[in-house]
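Engineer: Just dropping this structure here.
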Amino acid sequence: MQYTKRALGCMYGQVIGDSLGSRYEFQSASVVQRMITDDLVQSFLPIIGGGPLQLLPGQEKFEDIAAKKTSKSLPLRKSLIRCGAFNAANVACSYVFWSQSKPPDIGNATRNALTIERQLSPNWHDELSDIEKEAVHREILNNVRNYNVGSLSNGCLMRISPLAIHSINMPIERVEEMVRTDCSLTHCEEDAKQAVFSYVIAIRHLLNGNSNKEAFEVALKSTKSMRIREHLLTAQEKPVPVNIGDQFVNGDGKAMGYIGVALQSAFYELLHGISFTKSLVDAISRGGDTDTNGAIVGALLGARFGIDDVPEKWISTMKKSKPRANFNTIDYNIERIVNKLLIMS
């Protein structure tokens, strides 16, 4: 399979997983499973919308980027394409502008990190000097040190897929440097950085045509964190429960936003999934932070199965969604975006 098809699967997988999962967010597994059963149309689960944020089908994070975390992948990929490379200060400003655009929901760690005094205009890229952009970057890093010590939330994991596509042909040392730098914009814990790096390495390995088992092995070997290693090893057998240190959780109640919940679920589906569709629905059916989990699992599965295994009905729903006013000048053509990211790699 050409890596373009895998990269398209990755990007569409992320936005579809996010949109599909938004309807079921914050519910227990048993409630989500009943809802999914009721929502099936001839054994197929359509993207319906609704949920706690009452979003339209496909609206929140592909065309609209209106909900919380996957939308952060949009400023990342926009920054990569605009700069032609990963530029930490530019990415930092992109995230801040997104956070100031009044998304319907935003995670606590992300809000803590990206809240600054200066209001950025839609033309911030041209209006701010390099020195001013770097000042924004430093303020964010200071926020992370002051407010996010100990945070292992999942936002840093679910925004990263554009960087995995962008880095497909880069030296592994450069990939790790970019991952750690991006993660540090909201998280300072080493375990969070190790989780994101393992995830990116797996996607990158899949994009280069390697098998799901090979991608798992390289992810496992890449991590220096015992905590993340345990989640990956457990994923060989089961998606839940997840060890959070003092107890085990199923991810649909306590600690649903913990990065290990999404990571373990994603790698379980990578190893055991038989199709993009079934694995994504299975992951969402576990309840909890279903939009974020859907995005994280969807990107990894899309990189494994490729765009040809992604249902056309889901793709069509995403393409029909409309952007918010603040983002109506952004290119949302996934095919064009992926091609640009690959050319830059």
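Sequential numbering from 1, following the chain as shown.
Even glycines carry a Cβ here, placed using N, Cα and C.
Annotation comment: TrEMBL describes Asp64, Asp289, Asp291, Thr292 as Mg(2+) binding site.
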Engineer: Using a 10 Å radius around its CB, how many other CB atoms surround Asp289 (Mg(2+) binding site)?
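Structural biologist: A 10 Å sphere around the Cβ of Asp289 (Mg(2+) binding site) contains 29 other Cβ atoms.
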Engineer: Any idea what DSSP makes of Asp289 (Mg(2+) binding site), helix, strand or coil?
Structural biologist: coil
Engineer: Within 10 Å of the Cβ of Asp291 (Mg(2+) binding site), how many other Cβ atoms can you find? Include all protein chains, please.
Structural biologist: 31
